[in-house]
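Colleague: Annotation comment: TrEMBL describes THR7, SER8, ASN9, ARG10, GLY11, LYS12, SER64, TRP137, GLY138, PHE139, ASP140, LYS160, HIS165, ARG166 as substrate binding site. Under the heading Mg(2+) binding site, TrEMBL lists GLU34, ASP63. The feature active site, proton acceptor is assigned by TrEMBL to ASP63.
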Amino acid sequence: MMMRFVTSNRGKFEEARRILEGIELVWERMEYREVQADTNREVALQSLRELKGIVKDPFFLEDSGLYIDALKGFPGPYSSYVFKKIGCRGILKLMEGIGNRRAYFTSVIAALIGGKEILIEGTVRGRISEEERGDGWGFDPIFEPDGADGLTFGELGERKDMFSHRGLALRRFLRALRDIGYI
């Protein structure tokens, strides 16, 4: 079965293509006005509704955020904007002298399939590293997921799929597609 993934981010598309086995994934590469809201769930759902009628059904999009405990959840749903403005170095600067480095990443997939809206979430806890390590994009070089032996997403390479919030959400999405008989 075919499904469109609306994203301008090649990294997100490649991650989805690796995980969504059995689906012919089409990259609907486009920029769209990302709604600003207090949660990634609201952002994803409102964005999905804005793209109805613009992108042909079936399609999905994904929104994610990094929530840092000591910063009261900042940057949260504003992670993309914050990354563009201050990047990993800016987050590390904000975290200087802070002992509690616990954080979590959340991913929300919003899909339109046969006119029906589907929302799937994945959350992974971890911590903010002391320095940037590894490659990847976004905050990958500074987030150490629980269970990855202190490695950052950026150091994990494709093994990141096993630990990431997006990988978790995509696997749940795949199960949901099977449950509704789409694949």
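The backbone N, Cα and C atoms fix where each Cβ goes, and this holds for glycine too.
Relative to the rest of the structure, where do these features sit?
Modeller: The Cβ of ASN9 (substrate binding site) lies under 8 Å from the Cβ of TRP137, each of these being in the same chain and 6 or more residues away along the sequence.
For the recorded site, GLU34 (Mg(2+) binding site), the DSSP three-state label reads coil. For GLU34 (Mg(2+) binding site), the same-chain residues 6+ apart in sequence whose C-beta sits under 8 angstroms from its C-beta are VAL43, SER47, ASP63, SER80.
Taking the Cβ of ASP63 (Mg(2+) binding site) as centre and 10 Å as the limit, one finds 26 other Cβ atoms among all the protein chains shown.
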Colleague: Once near-sequence residues are set aside, which residues in the chain of THR7 (substrate binding site), 6 or more away, have Cβ atoms under 8 Å from its Cβ?
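Modeller: When sequence neighbours closer than 6 are ignored, THR7 (substrate binding site) has PHE13, TRP27, GLU28, ARG29, LEU61, GLU62 within Cβ distance under 8 Å.
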Colleague: Secondary structure at THR7 (substrate binding site) (DSSP, helix/strand/coil)?
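Modeller: The residue in question, THR7 (substrate binding site), is coil (DSSP, three-state).
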Colleague: Pick from GLY11, GLY138: which of these binding-site residues has the biggest number of other Cβ atoms within 10 Å of its Cβ?
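Modeller: By the 10 Å Cβ neighbour count, GLY138 comes out on top.
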